[in-house]
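TrEMBL annotations:
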TRANSMEM  28-49  transmembrane segment
DOMAIN    41-290  domain 'G-protein coupled receptors family 1 profile'
TRANSMEM  61-80  transmembrane segment
TRANSMEM  92-113  transmembrane segment
TRANSMEM  134-158  transmembrane segment
TRANSMEM  197-216  transmembrane segment
TRANSMEM  237-260  transmembrane segment
TRANSMEM  272-292  transmembrane segment
């Protein structure tokens with residue numbers, strides 16, 4: 001491909017899950033169920049952490065923002081895909097694609113930053129318990145949230161501007177159900193994607209630093225927990241950390257596997273399934289992971305349900 005083949009792109013065609021309309025609707029229905037589960041679970045966590053006085057702590061403050069990010073993250077790609085499948089259409093305009101790419105990278109980067117901040121919160125809580133309230137004060141929490149969103153915006157703008165500053169050649173078919181950056185780069189003319197590779201290298205370094213920070217926090221946490229003399233104390237410490245570690249592992253492993261695996265020119269059903277793992281599963285499973293092992297969260301959710309029932313029957 002070269003500049004001679006360059007054509008002005010006004011939009012793209014997104015690949016569906018199946019060429020058969022019946023299977024396409026089936027996939028869309030599955031996506032709709034997962035989306036509603038993610039929406040319900042994360043909304044309940046936001047409600048519980050906002051309404052229940054027993055959950056007014058930095059850990060639940062960050063969890064509330066993580067749930068909001070999860071709603072944003074899954075809402076960027078899934079509703080549009082569901083709508084396209086039910087309408088049996090695959091087109092997306094250039095500006096819609098730009099906005100989708102910006103929002104997806106922004107939310108993904110912000111989520112990683114949030115998980116890094118939450119791991120630091122757990123590190124202070126377990127390793128420096130006597131100084132926890134001093135270190136994790138209101139200002140620290142607010143600055144942490146601001147840093148999360150600022151890092152997300154910077155990553156999103158850098159990635160999106162570098163991606164869409166290139167010229168696209170040939171077919172405008174994206175072999176994915178949303179505007180994914182690696183798939184867009186396949187449409188680049190010649191070697192124009194070199195600038196995007198520079199941005200990718202920089203953001204990869206940021207991801208590595210976040211990963212090392214999380215790894216350092218949990219190395220210190222586990223070494224501290226193992227020195228706790230009572231079994232009950234160790235169990236309580238692990239109960240507050242393991243859900244977050246499970247969420248971090250799920251998010252990083254699915255994302256890393258998707259972007260490190262070789263991308264073929266004609267993606268298979270397995271490729272779409274793997275994409276599903278890192279775009280849909282983390283926001284859907286995060287509320288379940290946090291609520292299943294967290295007694296305070298389960299108790300808060302039960303109180304909300306009881307209040308709702310009492311309100312309905314009054």
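Note that the numbers count up from 1, one per residue, in the order the chain is shown.
Cβ from N, Cα, C; glycine included.
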Report yes or no: does the transmembrane segment (272-292) come within contact of the transmembrane segment (134-158), defined as 3 or more CB pairs under 8 Å with a sequence separation of 6 or more?
-> no
Would the transmembrane segment (134-158) and the transmembrane segment (61-80) count as touching if the test is at least 3 Cβ pairs under 8 Å, pairs 6 or more apart?
-> yes
Under 8 Å Cβ-Cβ from the transmembrane segment (61-80), and at least six residues away from its ends along the same chain, one finds 31, 34-35, 38-39, 42-43, 45-46, 49-50, 92, 96, 100, 103-104, 107-108, 110-111, 114-115, 117-118, 121, 141, 144-145, 148, 177-178, 247, 279-280, 282-284, 286-287, 290
